[in-house]
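**Student:** First, the structure itself, so that you have it in front of you.
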2 protein chains.
Amino acid sequence: MPILVMKFGGTSVANLDRIARVAKRVGVEVANGYDVIVIVSAMSGKTNELVGWVNETSKLYDAREYDAVVSSGENVTAGLMALRLQEMGIPARSWQGWQVPLLTSSAHGSARINEIPTDNINAKFGEGMRVAVVAGFQGISPEGRITTLGRGGSDTTAVAFAAAFGAERCDIYTDVDGVYTTDPRIESKARKLDKISFEEMLELASLGAKVLQTRSVELAMRYNVKLRVLSSFEDEMNDQAGTLVCAEDEIVENNVVAGVAYSRDEAKMTLVSVADRPGIAALIFGALSEAGVLVDMIVQNISEEGRTDMTFSCPTDQVARAEKAMEQAKSDGVLNFAEIIADTDVAKVSVVGIGMRSHTGVAAKMFQCLSQEGINIQVITTSEIKISVLIDRKYMELAVQALHDAFELDKAA
Amino acid sequence: MPILVMKFGGTSVANLDRIARVAKRVGVEVANGYDVIVIVSAMSGKTNELVGWVNETSKLYDAREYDAVVSSGENVTAGLMALRLQEMGIPARSWQGWQVPLLTSSAHGSARINEIPTDNINAKFGEGMRVAVVAGFQGISPEGRITTLGRGGSDTTAVAFAAAFGAERCDIYTDVDGVYTTDPRIESKARKLDKISFEEMLELASLGAKVLQTRSVELAMRYNVKLRVLSSFEDEMNDQAGTLVCAEDEIVENNVVAGVAYSRDEAKMTLVSVADRPGIAALIFGALSEAGVLVDMIVQNISEEGRTDMTFSCPTDQVARAEKAMEQAKSDGVLNFAEIIADTDVAKVSVVGIGMRSHTGVAAKMFQCLSQEGINIQVITTSEIKISVLIDRKYMELAVQALHDAFELDKAA
């Protein structure tokens, strides 16, 4: 029988009523003729409670024990979901990560999936089991310790299972009904997309649209797993619901720009008056990389008298770390600069679309639109399918709305 | 290094403060030179919450899923305890049942321990680990599913570890400070025993003294594991604290009677007018056994005209099951009786002591004492070291107090 993977997040399994509700949805797919692999998160709030206990017990905790504690929430949901399905007359059983086994690296707290042997679960499907309920977010290390995959790891678990089992599709049930052209809380005319390409979803996910975890989209793209994002809170859960994330060639018509993303979680840092000589950028960004700072945008200003200003952006919560790394390099004598200025009062706004590859003028249109609104652009970066600008934070909402309008995202292609 | 097993029940690890408190006690034993195996229960209330969810999800639940869900509480405590110990500078790690592995039968919900291989944990002790924190109550079946050992299973886990690792002693920390001559809530003169024999503890445990699980005492007796019961709530936790449960020959002086036990959880059932012929008892108790009824006391009344009354006792919550089994046997034509009378308004009171083996007159003294108080004895059973009587429930407290007095249990031998 064809295999379907269905993933339910924490709010979708928040209590016994919600579990019963989504179990019904699983039952529909079983009746449709699928063997189903269900990936479950912990009941909402449970993981945070466990994380709180770990932090309170030990400030610099042993990540192996963290994983052993924090993974327990998913096990509870998996067992309850299997029981609920059995109660409905559907042959089901639960699997914890180590039982599958979902083999991961030893990087506790953010382990990477190495392999998912399919023998155990396929053998049970062969014996008439119709649903394998798998505890998401967790696996087992080569040392036999429990690992977790990091925040949003259940999405990644789901996609990895879909790839390993050659599933027809991977349905991610969540508390929103799909992927939108932008955040509907900022732009009321935001439109749900029926389809979006992996590449676009990846840019949107990493730019702050919190629908899917970035790693899960990467994985889906690599193994060409059809992903569908849909709401478990909708009464109608038909085949057309949600947004399908798929390969570009499965999308017949699409707008040049698929969506507008934003992030408040970006700070602008400027190193004033550094020597403008070969190797200086490698030196600065090498030091930042070693300190674990995730640098996003980089701009080097025009040089004057052999000195220049270097501007870059990084996540807001890494500003202190970045400053420390730069001051250290200065006191070590490997780098010289007049001062370091951190500005956290900025936001990043981006337009994303694979249509940019074949359409020119997107950047010009974006800059013109922002200019008309009187919004000054501080830093620009582009990729093949994305243009991002750093602007004053107070203009963020205005910029998102103006760009959504300018690219007519409220209208389907 | 010598090995010590320390077990902490649910109230002893009820929250992070309590975990920190008992971790200190573990630290003292590590400083004393022991390698310690700590067995932990779930935080109090957690297991009941999980059991409640299972029952609400599925009335006739799959015991394999029940075990997968219910075992998660212990995993949380084990990880937190390991973290707390690490925070104190003590090399520690947690072990879930399947990681040890604690190998059990497939009898989910009440699995029996088959084997505890010591290699994994001993290897870590060899590498300098000082404390292995093990999630109690759980193991792994030959099929690779998680099993639980039934209520009080963490006591059994602790004793099994002590036996497997040849531990010097197994300390059971609980919310009472030892084993008493009777329940102090009923008899204020009840005295804490410094030592008690396995056989006596076994009788007291199975008679309703809820200090230790019966199976754990059986196991301790079979492998001659020294068990100590003591309170984790006392400030002073010295070597003389609590009650030592040990082999008879280690107790120099002891009273003829060690204690008085009672149970309200006993019902008296009478089959009126059954044929008094050979094989009738086998027929009745065979049918009850098949129905899973735990028959305790049995009395066959004097026969009149070839018919007799058969009286037996069983746990109160099995009355319906016993009645159904008897009515079934009647309608199947294998058994005939006039009526079946169930009386749940009874209580069982017992005196227990290995001294009975060598002292006569204990029974006579017991019956005389009850007679003096005007308490009618309905059923009597005896073992080598125990005499139990079934009486009207309203006299239970009076009987316990009178017997405690008559055998002078408030005075040490």
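Glycine is no exception: its Cβ is also placed from the backbone N, Cα and C atoms.
Heads up, TrEMBL stuff is auto-annotated, nobody curated it.
Not my notes, these are from TrEMBL:
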type: BINDING; residues: A:LYS7, A:PHE8, A:GLY9, A:GLY10, A:THR174, A:ASP175, A:TYR180, A:ARG185, A:LYS210, A:VAL211; note: ATP binding site
type: BINDING; residues: A:THR47, A:GLU74; note: substrate binding site
type: DOMAIN; residues: A:269-354; note: domain 'ACT'
**Student:** What count of other C-beta atoms do you get within 10 angstroms of the C-beta of A:GLU74 (substrate binding site), across all chains shown?
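**Tutor:** Excluding its own Cβ, A:GLU74 (substrate binding site) sees 31 Cβ atoms within 10 Å.
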**Student:** If you count CB neighbours within 10 Å, which one among the binding-site residues A:LYS7, A:LYS210 has the smallest count?
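**Tutor:** Lowest Cβ count within 10 Å among the binding-site residues (A:LYS7, A:LYS210) is A:LYS210.
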**Student:** What are the DSSP helix, strand and coil residue counts for the domain 'ACT' (A:269-354)?
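**Tutor:** Per DSSP, the residues of the domain 'ACT' (A:269-354) fall into 28 helix, 32 strand, 26 coil.
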**Student:** Please average pLDDT over the domain 'ACT' (A:269-354) for the predicted structure.
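**Tutor:** Taking every residue of the domain 'ACT' (A:269-354) together, the mean pLDDT is 90.
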**Student:** Using Cβ-Cβ distances, find the residues under 8 Å from A:THR47 (substrate binding site) that belong to the same chain and are at least 6 apart in sequence, listing them in sequence order.
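**Tutor:** A:THR47 (substrate binding site) has long-range Cβ partners A:GLY10, A:SER41, A:VAL70, A:GLY73.
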**Student:** Check the DSSP secondary structure of A:THR47 (substrate binding site), expressed as helix, strand or coil.
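**Tutor:** DSSP assigns A:THR47 (substrate binding site) to helix.
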**Student:** So the record assigns A:LYS7, A:PHE8, A:GLY9, A:GLY10, A:THR174, A:ASP175, A:TYR180, A:ARG185, A:LYS210, A:VAL211 to ATP. If I measure every Cα pair among those residues, what is the longest distance in angstrom, as a whole number?
**Tutor:** 25
**Student:** If you measure A:TYR180 (ATP binding site) to A:GLU74 (substrate binding site) at Cα, how many Å is it?
**Tutor:** 29
**Student:** As a test of the contact definition, list every same-chain residue at least 6 positions from A:GLY9 (ATP binding site) whose Cβ is closer than 8 Å to its Cβ.
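**Tutor:** A:GLY9 (ATP binding site) has long-range Cβ partners A:SER41, A:SER44, A:SER154, A:ILE172, A:TYR173, A:THR174, A:ASP175, A:SER232.
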**Student:** Rounded to the nearest angstrom, how far is the Cα of A:LYS210 (ATP binding site) from the Cα of A:GLU74 (substrate binding site)?
**Tutor:** 21
**Student:** Suppose we draw a 10 Å sphere around the Cβ of A:TYR180 (ATP binding site). How many other Cβ atoms does it contain, all chains included?
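**Tutor:** The answer is 22.
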